[in-house]
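Everything below concerns the one structure shown next.
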Ligand code: PAF
């Protein structure tokens, strides 16, 4: 039987179909093939507007007749000892609503035993040096766990496009690299970070913040914006996204030194707040290898920050473009 094209559910039918078993999900995929127009958005659930914007981007990319799968799976392999695996929010009913409203066709939410059907995998992906610094330094093995589950979910969902948030910049970089280095037949698409009106990047972990902690957490984005704007001031001739030298409208900056100094100053001030911001790292990296940029760097860079507020660890970043002097 030749595969049917995927069709959106008709009136009265559910907007999104939930599968928890690989066999049922696989049968649905086989039935509703949409050649060249299959997208996946991988998540650990607790869906918020940031995930919704990824799902909308996936829908826009594959069109109304394409297939958009959202995976919801809290992957134990990427949590270290003492991390928040147990307390990570599980909100499947609400996730289904968000996924449906944003235009997903399928939610695939398998239990651990379905994904790791033969137990904890003894053969895993290795992120290598790209996964050892920054997030990887405070979370050893984290990116190996991420890549292992992403590789598995790519095999299970067989997408043409896989969407990931730019907020997890190092994760996006290692996933891109895995797809490139190991010839995964998929286009990895990064989608912009979604922010609250005051600048706080949306994150499933924001729900752990008390009001005073949230106020301290705001200094993450403020520091990043300060760095970006200081870089711009250092090069007024390259000021602004309207400058044709900046692909994708990225803020065009000139001086890594000015960017780092301004961001660092804002973070230092935040260390004196109550509750304080406990900085883990501030980094200005080349996203292709996730290594610190040199002073004469040209092209894309990511200004990234990680810090703890209370017991909650938060990350954020902005993308920049260093124009030739
Ligand atoms: O970004 C996440 O939510 C997770 O790291 C991912 C990519 C779904 C893998 O578990």
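Using N, Cα and C of the backbone, Cβ positions are placed for all residues, glycine too.
Just so you know, TrEMBL annotations never went through curation; they're auto-generated.
Per TrEMBL, the feature active site, proton donor maps to 51. Here the Cβ of residue 51 (active site, proton donor) has 28 other Cβ atoms within 10 Å, regardless of which shown protein chain they belong to.
Positions annotated as beta-alanine binding site by TrEMBL: 78. Under the DSSP three-state reduction, residue 78 (beta-alanine binding site) is assigned to helix. Just so you know, the Cβ of residue 78 (beta-alanine binding site) picks up 21 other Cβ atoms within 10 Å once every protein chain is counted.
Annotation source TrEMBL lists (R)-pantoate binding site at 78, 171.
Positions annotated as region 'Disordered' by TrEMBL: 230-253.
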Around the Cβ of residue 171 ((R)-pantoate binding site), the count of other Cβ atoms that are within 10 Å: 22
